[in-house]
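The next block holds one structure in the form of structure tokens; read it before the comments.
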Ligand SMILES: Nc1ncnc2c1ncn2[C@@H]1O[C@H](COP(=O)(O)OP(=O)(O)OP(=O)(O)O)[C@@H](O)[C@H]1O
Ligand SMILES: O=C(O)C1=C[C@@H](O)[C@@H](O)[C@H](O)C1
Ligand SMILES: [Mg+2]
């Protein structure tokens, strides 16, 4: 089975994805890392140098390549992945998608020292500006994220909790 993690920047897709994959004993792929590998440039270089549209095309291409290569994996998507190029439809058709729902104040706590390396959050000089940016972004993305059949709400999103959710879903679906 392919398990896809979606959610806002800072939701913990990479962190949780890596430990979930380890506990299932299946490959872990981070889509942002995959894009960097394919393009041989950092996410910031792609965003700033080529623009968001170019980045979104790289992201869509990388997603399709990963899905074709791995019948079984845990995939940490990028924060915007489900919102462009029919990527959400692909995720819903080819695997089980879990939305990591984390309240904005918690995202601010996690990201305030790391926003500058995230291009979409780069121009946020302080926590208040970061919070505004995150709220706007979430408002635009929620309708995509909420189509995931599974959702886990912080602070309970441990690998154990997610494994239970997946097991319950798999026996009832
Ligand atoms: N459950 C958690 N509790 C507290 N902090 C966490 C938790 N999960 C992740 N973090 C911290 O939050 C930050 C962001 O986590 P992570 O990089 O996994 O998020 P992400 O969803 O992959 O973000 P992005 O979309 O930017 O790639 C990291 O500093 C990480 O250590
Ligand atoms: O939320 C977003 O749109 C992004 C999140 C990151 O994971 C990267 O995919 C990139 O910085 C864009
Ligand atoms: Mg990540």
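Cβ atoms here come from the backbone N, Cα and C positions, even for glycine.
Because TrEMBL annotations are produced automatically, they should be read as predictions rather than curated entries.
As annotated by TrEMBL, ATP binding site applies to 10, 11, 12, 13, 14, 15, 118. Summarising the annotation, TrEMBL assigns Mg(2+) binding site to 14. For 32, 56, 79, 141, the entry in TrEMBL reads substrate binding site.
Features as recorded by TrEMBL, highlighted on the structure.
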{"residue": "10", "record": "ATP binding site", "DSSP class": "coil"}
{"residue": "15", "record": "ATP binding site", "DSSP class": "helix"}
{"residue": "32", "record": "substrate binding site", "DSSP class": "helix"}
{"residue": "56", "record": "substrate binding site", "DSSP class": "helix"}
{"residue": "79", "record": "substrate binding site", "DSSP class": "coil"}
{"residue": "118", "record": "ATP binding site", "DSSP class": "coil"}
{"residue": "141", "record": "substrate binding site", "DSSP class": "helix"}
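Those same-chain residues not listed among 10, 11, 12, 13, 14, 15, 118 yet with C-beta within 8 angstroms of the centroid of the ATP site C-beta atoms are 7, 8, 9, 16, 76, 79, 100, 110. Among the binding-site residues listed (10, 12, 118), 118 have a CB atom closer than 6 Å to some atom of ligand 2, in sequence order. Cα proximity to residue 10 (ATP binding site) (within 10 Å) is found for the following binding-site residues from 32, 79, 141: 79. Distance between Cα atoms for residue 11 (ATP binding site) and residue 32 (substrate binding site): 14 Å, as a whole number.
When Cβ atoms from all protein chains are considered, those within 10 Å of residue 11 (ATP binding site) total 24, not counting its own. Straight-line distance linking the Cα atoms of residue 56 (substrate binding site) and residue 118 (ATP binding site), rounded to a whole number, equals 15 Å.
Proximity to ligand 3 at the level of Cβ atoms, with a cut-off under 6 angstroms, picks out none of the binding-site residues 10, 11, 12, 79, 118, 141.
The binding-site residues close to residue 13 (ATP binding site), defined as a CA atom within 10 A of its CA, are 79 out of 32, 79, 141.
Taking 10, 15, 56, 141 as the candidate binding-site residues, the subset whose CB lies under 6 angstroms from any atom of ligand 1 consists of 10, 15.
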